[in-house]
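Record features, source TrEMBL:
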type	residues	note
DOMAIN	24-294	domain 'NADP-dependent oxidoreductase'
ACT_SITE	Tyr59	active site, proton donor
SITE	Lys89	site 'Lowers pKa of active site Tyr'
BINDING	His122	substrate binding site
Amino acid sequence: MAAALTVPEIVLPSSTGQRKMPVMGLGTAPEATSKVTTKDAVLEAIKQGYRHFDAAAAYGVEHSVGEAIAEALKLGLISSRDELFVTSKLWVTDNHPHLIVPALKKSLRTLQLEYLDLILIHWPITTNPGEVKYPIEVSDIVEFDLKGVWTSLEECQKLGLTKAIGASNFSIKKLQKLLSFATIPPAVNQVEVNLGWQQEKLRAFCKEKGIIVTAFSPLRKGASRGANLVMDNDILKELADAHGKTIAQICLRWLYEQGLTFVVKSYDKERMNQNLQIFDWSLSEDDYKKISEIHQERLIKGPTKPLLDDLWDEE
């Protein structure tokens, strides 16, 4: 078997002990069409050199991710849990100050881990406590006590339950509000970034504030939502041919050159391997010019039904 590839890492500024995060992670949101189980996919990814795994309470996969990690340790694929970077996210039903610590402890039990590397607020929305429903009914939404929730997350980091805390799907305006009272600033904001939604303003803001951006949907999947503005893009087909690469590799290389971290979602063995082959070549100025001409439109409009007017603060 070929030696596992080493993925470059980035230091999370506000983390405990300057924790390093591999720039590429494997997303574990379940896919109805996949024949491969999450457990098998995570194990295969570890064999190939992935060390960063992105989960969430709402995905219902924490148990499988935990089983894969336990198995990888048993098989000697990794020598300790510390070699892995594991992220999870708190669902909107737990976005209440008094529920944060118990929710994180529950995730840790499910994952069979002593600590997380990163915990994120999944969406800047709160609903009444209860079971996970998707999409979220707007009638279930209650006021979001961001300050109280963040203070509880800071407590989680101080207790050693997680090495870092962060946000997901936060606009500039919501990050500004968070930074106005945070004593531990968010290490990460995980948002949709891909060549069809490049998020220049948000990325510039996060860079200025020292917040790492993690891109989800980096290949803009979602065939059920119509044509894929990225994978079916003629400009990108041309660039891929010119470089002798796949369109996915062009997309991931661009994210890497922007200084972003990203979570890719493929349980296919070959594609997992292809996604790792982006670190030893680069895009040209001319490539950048062409990429800047790609039509921009947000893919993930929000988790609620109907959609909220102010979720993205018109950004």
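Positions of Cβ are set from backbone N, Cα and C atoms, glycine also.
In TrEMBL, annotation is done automatically, which means it is predicted and not curated.
Across the domain 'NADP-dependent oxidoreductase' (24-294), mean pLDDT in this model comes to 95. Note: the CA-CA distance between the residue listed as 'active site, proton donor' and Lys89 (site 'Lowers pKa of active site Tyr') rounds to 9 Å.
The residue listed as 'substrate binding site' counts 22 other C-beta atoms within 10 Å of its own C-beta, drawing on all protein chains shown.
Around Lys89 (site 'Lowers pKa of active site Tyr'), the same-chain residues six or more apart in sequence whose CB sits under 8 Å from its CB are Ala55, Ala56, Ala57, Ala58, Ile119, Leu120, Ile121, His122, Ser168, Gln190, listed in sequence order.
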